[in-house]
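Colleague: Take this structure, written in structure tokens, and hold onto it; I'll ask about it next.
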Amino acid sequence: MSSNLLVLIAALGGILLANANHLASLFLGIELISLPLFGLVGYAFRQKRSLEASIKYTILSAAASSFLLFGMALVYAQSGDLSFVALGKNLGDGMLNEPLLLAGFGLMIVGLGFKLSLVPFHLWTPDVYQGAPAPVSTFLATASKIAIFGVVMRLFLYAPVGDSEAIRVVLAIIAFASIIFGNLMALSQTNIKRLLGYSSISHLGYLLVALIALQTGEMSMEAVGVYLAGYLFSSLGAFGVVSLMSSPYRGPDADSLFSYRGLFWHRPILAAVMTVMMLVSGRYPDDAGLYR
């Protein structure tokens, strides 16, 4: 029952984020999602890895929230408002080049980069995905990240954050590093949940590229929506297979790649689903990607 309550609170945070048009509601929504996850990640507390993942996520998430809140304070000190619409009206005429404002948005990028598992703020991701129960890892990879990315996308659309050359360069470097590092590290994994964790890092890197392109008018909102839907579909399917392969009564999740050897011969439907999810995650067919 307690786990259901935590999931409902996290879902409430996602709903708040979906309707956020103010930096204060953005922060509250992110915290409502993050705080229940501290308990959910460590829900299998009898397993050392789960408890370790919970402690790691709690400490690093608290630090990221501090960066995010301090960044918002600096933005407010310079602009005098926290509403997305008001920021869009106030941040013009070269105001984005003000040092205080650049510092504020820089700190916000650090905080949001942690929540979205972007390089170099990704260090918690593979360990937490591996240590958390499979359903919790599913929530982390899908609902949590999509809700946060959605509100970040709205912030970029209302406020001209991407109009600053310095901010665009920083975001481009983060996106490029996330894509390269996430894909390279995924190749060497023998744990399916760690592999999916690194895969999510690269996916968020691609989405960050789309966000930059959206800000400059080089990409449509529909293309970003298609990619988000493909990411959601592939992550839910892959983690769903891991959850079905695992049993809460036999200890740790079936997260070793060797557990899936010969899966087609004894659970062909799960094997087919996992194959499709991996193809979609690899952006094949092209309809699941950005390039149409």
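Glycine residues also receive a Cβ, built from the backbone N, Cα and C atoms like all the rest.
OK, TrEMBL features for this one:
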- 20-290: domain 'NADH:quinone oxidoreductase/Mrp antiporter transmembrane' (DOMAIN)
- 30-45: transmembrane segment (TRANSMEM)
- 57-79: transmembrane segment (TRANSMEM)
- 99-124: transmembrane segment (TRANSMEM)
- 136-157: transmembrane segment (TRANSMEM)
- 169-188: transmembrane segment (TRANSMEM)
- 195-214: transmembrane segment (TRANSMEM)
- 226-244: transmembrane segment (TRANSMEM)
- 264-284: transmembrane segment (TRANSMEM)
Colleague: Mind checking which residues reach the transmembrane segment (169-188)? Cβ under 8 Å, same chain, six or more beyond either end.
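Modeller: Counting only partners 6 or more residues beyond its ends, the transmembrane segment (169-188) has Cβ contacts under 8 Å with 106, 109, 113, 118-120, 122, 126, 162, 195, 198-206, 208-209, 211-212.
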Colleague: Could you pull out which residues elsewhere in the chain have a CB under 8 Å from any CB of the transmembrane segment (57-79), counting only those six or more residues past its ends?
Modeller: 23-24, 27, 30-31, 34, 37-38, 41, 86-87, 90-91, 95, 98, 100-101, 103-115, 121, 123-124, 128
